[in-house]
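Q: Quick one: the structure is below, and I'll ask about it shortly.
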């Protein structure tokens, strides 16, 4: 009995520690990019996956102690996919006492009509979903739209664009929407996916599977995700350093003439950002810059979330 109580206390301690880390990550992202302001009404896009559940939970937690006042409204888009458990999210949100709206739109039918069998439907589905969410934000009077993309998503997008698109472009933590009317924020931008997985598992969120539409996952993104996971396992700190690099760009040492005036460099020009160090012996730190291992990182092997069995 004492052993059980000891394990329970340890689990609660670890959960509290994990929640504090996620809360700190979200708080830093909000502050760095001015994501939330006084009086904001945040539309939290809730898909039923681990990321959006975690985002809602951490924002609710921050709402209680933040120095500014803001409100939350959770929104789920029921796309009429076969087997979608439409009772799960309303029951969960009512239990929490969170304001919410379920938007019912048969985008599944539209996608099936337009896309040949066996082809990836994600692109069209995403465009349809985006338009509906923008419209819903206007109807609800939301000042910001919050999406659940995390640090790993941002890095994956960067490498996808580098490897397949020939450009250095990631996923912005804050942006103006396609229609020019809404500000979109990603509060989980600094959060690690493995932290989100552990948190969702500990909180026992009622996870809804994301493949009810039958669409195949993006193979290119999967390749990138596997590569980054392998690097994270074999070279601790590399992921953190790469993400830091996204926040520490030196345009004068790249090759984009739109970002730096290379043609304007003439005799007498000032040295910019250290000049040319290509022939110097660089001092590379033994540990990745700015990386500190977390105490509980050794327990992160092969974590998976159970999802609700849809009958």
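Backbone N, Cα and C define each Cβ position, glycine as well.
Quick paste from Swiss-Prot:
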type: BINDING; residues: 122, 125, 213; note: [4Fe-4S] cluster binding site
type: MOTIF; residues: 47-52; note: motif 'PP-loop motif'
Q: As a test of reading the model: what is the averaged pLDDT for the motif 'PP-loop motif' (47-52)?
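A: Summarising the motif 'PP-loop motif' (47-52) by its mean pLDDT gives 96.
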Q: Kindly report the helix/strand/coil residue split of the motif 'PP-loop motif' (47-52) according to DSSP, in that order.
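A: Tallied per class, the motif 'PP-loop motif' (47-52) gives 3 helix, 0 strand, 3 coil.
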